[in-house]
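**Student:** Structure incoming, see below.
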Amino acid sequence: MDLAGVLLALLLVLVLVVSLLSNLLVLLCFIYSTEIRKQVAGVFLVNLSFCNLLLTVLNMPFTLLGILRSQQPLGGCVCKAVGFLETFLTSNTMLSMAALSIDKWIAVVFPLSYTSKMRYKDAVILMGYSWLHSLTFPLVSLFYSWLDYSSVYASCTLHLKEETERRRFTVFTIVFHSTSFMLSLVILCFTYLKVLKVARFHCKRIDIITMQTLVLLVDIHPSVKQRCLNEQKRRRQRATKKISIFIGSFVICFGPYIITRLIELLPFVTINYYWGIISKCLTYSKAASDPFVYSLLRQQYKKVLINIVNRILKRDLYPSSGYNSSLDTENDYCLHRTN
């Protein structure tokens, strides 16, 4: 194995370890905290973390073996099962992120009617659709024997073996990525841009009140006034930054791989081996980043983790109740935490 292969293997090992630990922490917080379990968004988060964890345990190790051995590391039946899981789990995670954005949109844009518009039953229905939608495509690919080892990606995935099936496989691949990646991306952009619009409106209203207060307080120290103005600027930037992370991480991690798979459909195009592995590692990196983007960096999850550590160390430094809100309103009104 050359140096580039070693570096790619090390990168994948790093992604695997971070993904395993971070997704386990999210599931641990869900099990430990009653408040998190009460939240409707918790259904989407636990489904997302569960799918990411399965992808980490069942798919990443075999891709790592494919990189190290430079050949198919599994038997035919096992390889088909791994490819089936990868197709299902990848689509399911995308739709879970879309469901999370819908939940956030309803919570921010329709806060007074959130409890009636997004109930546990509604969340379960959304997740049920996500599972049925995600199962359809690997079942079809299994029926047509389109699940096999691809040396370009060093993994068991969607792969065309017979040229006579190219037209049918092309249509299938376009429909699959359109109804998973593109559909999720459209939902993410629509919902989060609506959230950003509401956030900016409330930020502007708060800024007006702040400026009126500063005008009235003529004796206020210049340093205090400057801190208030700096806080206004940070508040406006915070909303944009969060939305950019949600949408940007989705596009950066999944985009290169999806585009590569679509370009690969052209019969005269040959994908570079190293680029294929890099694009595959980028999709795996989404499983490692999701826990931080959606969960672990939030104040609620930090408090739960601190409580867990204190209980393990037999310390009682913080109250175990933690966060009291039954709604995920962290980004409401300028996406600024209220606690």
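Each residue's number is its place along the chain shown, starting with 1.
Any Cβ shown, glycine's included, is placed from N, Cα and C.
In TrEMBL, annotation is done automatically, which means it is predicted and not curated.
Below are the features I grabbed from TrEMBL:
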type	residues	note
DOMAIN	22-294	domain 'G-protein coupled receptors family 1 profile'
TRANSMEM	6-32	transmembrane segment
TRANSMEM	44-68	transmembrane segment
TRANSMEM	88-112	transmembrane segment
TRANSMEM	124-147	transmembrane segment
TRANSMEM	169-195	transmembrane segment
TRANSMEM	243-263	transmembrane segment
**Student:** What residues in the same chain, six or more past the boundaries of the transmembrane segment (124-147), come closer than 8 Å to it by Cβ-Cβ distance?
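**Tutor:** Residues packing against the transmembrane segment (124-147) from afar: 43-44, 47, 79-80, 83-85, 87-89, 91-92, 95-96, 99, 102, 156-161, 165, 168-169, 172, 176, 179-180.
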**Student:** Which range wins on Cβ pairs under 8 Å with the transmembrane segment (169-195): 6-32, 44-68, 88-112, 243-263?
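**Tutor:** Ranked by Cβ pairs under 8 Å, first place goes to 88-112.
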**Student:** Sort out the residues at least 6 away from either end of the transmembrane segment (88-112), same chain, that have Cβ-Cβ distances under 8 Å to it, and list them.
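**Tutor:** Same-chain contacts beyond the ends: 40-41, 44-45, 47-48, 51-52, 54-55, 59, 118, 123, 126-127, 129-131, 133-135, 137-138, 176, 180-181, 183-184, 187-188, 190-192, 194-195, 198-199, 246, 250, 254, 283, 286-287, 290, 294, 327-329, 331-332.
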**Student:** Short question: which residues 6 or more past the ends of the transmembrane segment (243-263) have a Cβ under 8 Å from it?
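**Tutor:** Non-local partners: 94, 97, 101, 158, 173-174, 177, 181, 184-185, 188-189, 192-193, 195-196, 269, 271, 275-276, 278-280, 282-283, 285-286, 289, 293, 335.
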**Student:** Let me know the model's mean pLDDT on the domain 'G-protein coupled receptors family 1 profile' (22-294).
**Tutor:** 87
